[in-house]
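A short worksheet on the structure shown next.
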Amino acid sequence: MAENHAQNKAKLISETRRRFEAEYVTDKSDKYDARDVERLQQDDNWVESYLSWRHNIVDETLKMLDESFQWRKEISVNDLNESSIPRWLLEIGVIYLHGYDKEGNKLFWIRVKYHVKDQKTILDKKKLIAFWLERYAKRENGKPVTVMFDLSETGINSIDMDFVRFIINCFKVYYPKYLSKIVIFDMPWLMNAAFKIVKTWLGPEAVSLLKFTSKNEVQDYVSVEYLPPHMGGTDPFKYSYPPLVDDDFQTPLCENGPITSEDETSSKEDIESDGKETLETISNEEQTPLLKKINPTESTSKAEENEKVDSKVKAFKKPLSVFKGPLLHISPAEELYFGSTESGEKKTLIVLTNVTKNIVAFKVRTTAPEKYRVKPSNSSCDPGASVDIVVSPHGGLTVSAQDRFLIMAAEMEQSSGTGPAELTQFWKEVPRNKVMEHRLRCHTVESSKPNTLTLKDNAFNMSDKTSEDICLQLSRLLESNRKLEDQVQRCIWFQQLLLSLTMLLLAFVTSFFYLLYS
């Protein structure tokens, strides 16, 4: 059954390519970008995305390809970069990628209150949409996005139906299969009629993708960790440019250069005390070096060796939460906790445990590769074994809450080698749907003193929960305060209006009696 399906799909892809070349490219070669035509002949997934969106009807798919390719050349999609977009548009933060919904789809934010309808800038705004979508499509081929229409504090000047229609067309024609859903937050009543029109543009099948939400419902689709405070979330993210804010996971620093002696002295507590609930500093003689790099051609001077022995290394704080994935258990589950510069405990630990019967290859990527050293960042883990990964900020660079880490893992065949060359080849060939991914956020603990603090699981979780609750309550309090201020302003306005009407009425009555008795 699956084999027949694959054969039918291959036939449809082949027919689509052949007919598009014969019926469209010959007559309209100057209307298309040659790079798009070439990609159509090579990228099966791209062709399949158009076919799937048109229910495998080749005639409809060809029309869609024609419209899409003409638009791509008209707006120069393949050549779009940051310099193609006016800097003020990138700085204002009306459109950007940040965070994930509960299904793991990237969030495509559209902050409508920052948009002003203006025909002079509409082309630049369309290019901005295309820039972000093309940038995402090249990195995450086939992964859908969730569009977040944030309509809070939106005025009449921000309503631009042509711009909304363009966004809808992007997902209907230009980037098929990339739309997971459209979450519309805090829609003003005056836009009800407008979004009835939007439903007709989407078509009957895509209407179900529209999700109208308020502060209570939006958390059904996006966790509070990726929602801003005005949506009832706890995400501290503040948009700024430069740089671009999307999660661009890259190779960390340690794979691009030599590992210094400072990193080689990294060590961890080797024996867990039974019955003890405190983390203590232990001497270097009781610790074993972690992930020491072995190079027979590289000699270490006696002075450097003495420095290693004399240096005092603090014990790592043991991660207390675990993400249980199908290939690896990853600890911590969600956040990497770094100590402050003052505390001197800037390093943190990621523990990977292989829960399969085969070797699992893993890679670690980060959105800030120039800031972190990761050891090891590309290796493998034997069945049932655990690997400790040391993450440390490079030099004096500070940890940011916007930084992210991505753990990628895939199961290897038993006959596969685990050397650097074999791992490189393995990652080139492994299908994307076989790769497990897990993301970790960064958090700085300003006054962390794990040598003297008692770290009980329950107390630790309680403090995390309490902190999150306080942050959530504070954001709700600020939102209530803002609404109260708005109500006070409206009351003052009505009071002034009433006073003016009273004065006007008094003047009218006075004039009436004056004329009556004079």
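Placement of Cβ uses the backbone N, Cα and C atoms for every residue, glycine included.
Database features (Swiss-Prot):
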TOPO_DOM  1-496  topological domain 'Cytoplasmic'
DOMAIN    82-239  domain 'CRAL-TRIO'
REGION    252-308  region 'Disordered'
COMPBIAS  265-279  compositional bias 'Basic and acidic residues'
DOMAIN    327-445  domain 'MSP'
SITE      Lys363  site 'Required for phosphorylated FFAT motif binding'
SITE      Val374  site 'Required for FFAT motif binding'
TRANSMEM  497-518  transmembrane segment
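For the domain 'CRAL-TRIO' (82-239), the model gives a mean pLDDT of 86.
When the domain 'MSP' (327-445) is classified with DSSP, helix, strand and coil residues number 13 helix, 57 strand, 49 coil.
For Lys363 (site 'Required for phosphorylated FFAT motif binding'), other Cβ atoms within 10 Å of its Cβ number 22. The separation of Lys363 (site 'Required for phosphorylated FFAT motif binding') from Val374 (site 'Required for FFAT motif binding'), Cα to Cα, is 10 Å. Other C-beta atoms found within 10 angstroms of the C-beta of Val374 (site 'Required for FFAT motif binding') number 23, with every protein chain shown included.
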